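Structure first, commentary second.
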Amino acid sequence: MSFMTSRLKSFWSDKRQQVVLFSSTAIALYGYDQGMMSLINTNQDYLSTMGISEKDPLVGVIVSVYYLGCAVGAVFFSWFADKYGRKPGIFVCLATASLGNLIMFIAGLGFSQGALIVMFLGRIVMGLGVGGVDSVIPVYSSELSEDEARGKAMAQEFQSNIFGLNMAFALNLVVTIYLGKQNQWAWRVSIVVMQLYPVGLFAFIGRLPESPRWFVFNDKQEEAKDALEYIYGEEEGEKKFDELVESHDKEADETVTYKDMFTPSNPQFHPTMITVMGQVNQALTGYGAVSVYGPQIFQLLGMGVRNSEYLTQGNYVSYFFLMTFAWLLIDAVGRRKLLLGGSLVLTVCFFLLTLFGGLAMHAEDLRIPQLPPAIAGFVALYVATGAFGIGWLATVWLIPTEIFPTTARAQGTAVSVVIWGLANFAVTLLTPIMFNNLKYWIFLVFGFTNAFAGVWTYFYTPESGGRSFEENQQFFEEAKEVGSWRVGKVKKGEYKRMPYP
């Protein structure tokens, strides 16, 4: 009991732990939406209320339009958080996501005409808020984390994302089993329960410190000093304050616009392209589709509807626990090794899934039992899901928070969310169409896209772990001097690995 009491006292006195918990819960909003829509897409009352069929392309449009909202929300709320502070920005993001969720809940409730339009509106508004959360939270969290622990904090936050995915899918599955796919409350309940997240976060946000970096870079030195002493204590806080002021003095005259970031001659063009390709490659892994359309994937392996739903839940539970390896490894071995290892495993697993999917689907023609290749396919998909979580889920969100200077960090993270939104819009829009036309050959497509992601990462993504924000800027300065973006050609390949202690 005394051990637990001391741990609780430590938590309530350690503001950085509180920031990680808060950030983790906020990031879970994204995962909750994915798990929520997985079974809503197959609910007969939902489909009839929206006036569409299960194979209608509008099913994918309703899911994917949310990502367009995320893209817009990322740009707006990153600007808002830069101007008014990280905490006010997070508050407004949560309020917007909550409003969008309520609009989704009332779509077709007591009326049928216009239900689809209301659902589209709810999806877009909720996307605005979640896109804002996904752009502001990583910046806020990284600015309050130690250099050697940024990866762990981010990976823990995205493990919470998978908790949200599990919570939504499990709730949806339970109400679907008990109420049936013809009952409107089997899909409305899982939507409105999401309100637990923003309401709980509203109650907690007042306890958190504002980002000291934001204070310093907005000429609020006294507030920055107070915040640092609040987080670290007086002696350590003063030391951190001096370091922040020195960093601010170096970057004080630098201003970075979104136009600058996409101008090839600008110093921020190189880190922007790394950010863009990180999110494009993450989308190419196919896991936006796996998360949203999990049951349909298991059906491709020959399972019935209910068994596919159970197997999907099992995959999500495995996903959550395997994410523990992400935060244990990300600061120990670095971002690059996790990305490259994840790509290799994903590529192999999707090629195997193509084989096992084909055998399971054509088992009768081949005169072989269906169950063995189906089971092999389940194992391959479970392994692939874990590899994505460990290698690709948190890393591509973390890297943009480490490679930009403070004057461009919020914009860089916003660009990351915008590309994530646009790429996942395309993937989730096209996935139902590919399911209906390619069947198990969709796995072959993802096998090749994962291979491409790994190759690009090997040549062009530097290792940003274990280095300070300022040290990571040196990679881009060195790359400009040697005239190459190839990581192996910059400073004799020093950025291919973690710095030696």
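Just so you know, the numbers here start at 1 and follow the chain as drawn.
Placement of Cβ uses the backbone N, Cα and C atoms for every residue, glycine included.
Mean model confidence for the domain 'Major facilitator superfamily (MFS) profile' (19-465) is a pLDDT of 88. According to TrEMBL, the feature domain 'Major facilitator superfamily (MFS) profile' maps to 19-465.
Marked as transmembrane segment by TrEMBL: 57-77 (among others).
Summarising the annotation, TrEMBL assigns transmembrane segment to 89-111 (among others).
TrEMBL lists 117-140 (among others) with the feature transmembrane segment.
Annotated transmembrane segment per TrEMBL: 161-179 (among others), in sequence order. Among residues of the same chain six or more beyond the transmembrane segment (161-179), those with a C-beta under 8 A of the stretch's C-beta atoms are 24, 27-36, 38-40, 43, 185-187, 189-190, 193-194, 197, 291, 294, 309-310, 312-313, 316-317, 319-320, 323, 389, 393.
What TrEMBL records for 185-205 (among others) is transmembrane segment.
Residues or ranges marked as transmembrane segment by TrEMBL: 316-334 (among others). Panel annotation: around the transmembrane segment (316-334), residues 35, 148-152, 154-156, 158-159, 162-163, 165-166, 169, 294, 382, 385-386, 389-391, 393-395, 398, 463, 465-466, 497-498 of the same chain, lying at least six beyond its termini, place a Cβ under 8 Å from a Cβ of the stretch.
Listed by sequence, the residues of this chain that lie at least six past the ends of the transmembrane segment (340-363) yet keep a Cβ under 8 A from its Cβ atoms are 285-286, 300-302, 369-370, 373-374, 376-377, 380-381, 383-384, 387-388, 390-392, 439-441, 443-444, 446-447, 450-451, 453-454, 457-458. Annotated transmembrane segment per TrEMBL: 340-363 (among others), in sequence order.
The transmembrane segment feature in TrEMBL is assigned to 375-399 (among others). Taking Cβ pairs closer than 8 Å, the transmembrane segment (375-399) reaches residues 134, 138, 142, 150-151, 154-155, 157-158, 161-162, 274-275, 278-279, 281-282, 285, 287, 290, 297-298, 301, 311, 314-315, 318-319, 322-323, 325-327, 329-330, 335, 338-343, 345-346, 349-350, 352-353, 356-357, 360, 416, 461, 464 in its own chain, all 6 or more past its ends.
Within its own chain, the transmembrane segment (411-433) is flanked in space by residues 55, 57, 59-61, 63-65, 67-71, 73-75, 77-79, 82, 127, 131, 134-136, 138-139, 256-258, 261, 268, 271-272, 275-276, 278-280, 282-284, 286, 288-289, 292-293, 296, 396-397, 400-401, 403-404, 442, which lie at least six positions past its ends and keep a Cβ under 8 Å from the stretch. Summarising the annotation, TrEMBL assigns transmembrane segment to 411-433 (among others).
What TrEMBL records for 440-459 (among others) is transmembrane segment.
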Problem - Proximity verdict for the transmembrane segment (185-205) and the transmembrane segment (57-77), three or more C-beta pairs under 8 Å - result: no
